[in-house]
Amino acid sequence: MKGVLLVNLGSPDSPTPKDVKPYLDEFLMDERVIDVPKLFRNLLVRGIILQTRPKKSAEAYSKIWWDEGSPLIVISERFTEKVRKHTKMPVALGMRYGSMSIKNALQELKDKGVDEVLLVPLYPHYAMSSYETVVVKAMEVQQTFFPEMHLTTLPAFYKNSDYIKVLSESIAEGLKDFEYDHILFSYHGIPERHIRKSDPTKFHCKIDGNCCKVNSVAHHTCYRHQCYDTTELVKEHLDLPEDKVSSSFQSRLAGDPWLKPYTDFEFERLAKEGKKRLAVITPAFVSDCLETLEEIAMEGKEQFEEAGGEHYIHIPCLNDSDAWVSLMAQWVNEWEAKKTLPV
Ligand SMILES: C=CC1=C(C)c2cc3[nH]c(cc4nc(cc5[nH]c(cc1n2)c(C)c5CCC(=O)O)C(CCC(=O)O)=C4C)c(C)c3C=C
Ligand SMILES: [Fe+2]
Ligand SMILES: [Fe+2]
């Protein structure tokens, strides 16, 4: 019997340093997130980052925490519940990090008689630190604990025409009552090094955009390329003016260079250039979370206004909107019926 496993990033159990610390430990000790030799990762994460970050992160989580729990978890649960109503197959939800494990989710499917699973990483774009780590973890868990199960993975859907339509329509809805000077597509950042590492040709990706017009197998795993593709396709779909749209990358951790331009610098640049009315969208995330609700909707607004901007909106992620739920249900049901996957 077939079933579906949805996987998102995960959150701490509560917005306290006590619960944030083990969550960040699991997250940052992932070799696909902090991709340095284990000894050095141990020193960097446990010896330096985890000495101060849990307190700072817990404060940030406290600002966005809901009565029901972490927004990312609650939204993912609502989404899962709604997808269930649109399919005959069992649908389980797991998180890459934290207590809602992939193992428990696969066990839930197994208990319902599932032996053929469609794995859906809830990320539109491929990155070693998001999509890839979910796939690798799910495969490891399957091989260790559920050898009789078979996994198929939904490809990154950043340029799928139905997805672009759903995303564009949600952006259009967000822009309905807002006359904008500029729209910023802010994607989660990654270190530039990850782009080079994920390039199977080892020479294609130049991290300046010059490579992106030359067709290459590297685009299947180039996060930067895929983010810019999403922006271009939405821009085309909504016929947005070229000079009023740009992309940037947020949430960098100190250290190596991360993908540029940096979102916080863009807030300042745009405000200083006289863009008074800014709309920000965050399409690297399918559900609102710490990075959108705190860093963009709260901090970003403050940064933009401090630099001279006057009106600022963050357009919510797709979350559990009917159109997004229907599209996911369409994809999983097509896979069930014909074994086809969206491209
Ligand atoms: C779009 C997907 C994501 C990628 C790619 C990604 C890479 C990445 N992230 C960190 C470090 C942190 N990210 C944090 C939060 C966080 N990251 C994503 C998604 C991607 N991360 C989400 C959805 C969230 C929010 C989780 C939530 O509970 O709401 C955090 C924790 C919070 C904080 O302390 O700021 C860290 C740390 C790295 C290092 C990285 C790539 C190398
Ligand atoms: Fe992150
Ligand atoms: Fe490129």
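The backbone N, Cα and C atoms fix where each Cβ goes, glycine too.
Note: TrEMBL annotation is automatic and uncurated.
Database features, via TrEMBL:
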- H188, E291: Fe(2+) binding site (BINDING)
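Listed in sequence order, the residues of the same chain lying 6 or more apart from E291 (Fe(2+) binding site) and placing their CB within less than 8 Å of its CB are H188, Q250, S251, T282, F285. The Cβ of H188 (Fe(2+) binding site) has 27 other Cβ atoms within 10 Å, all protein chains considered.
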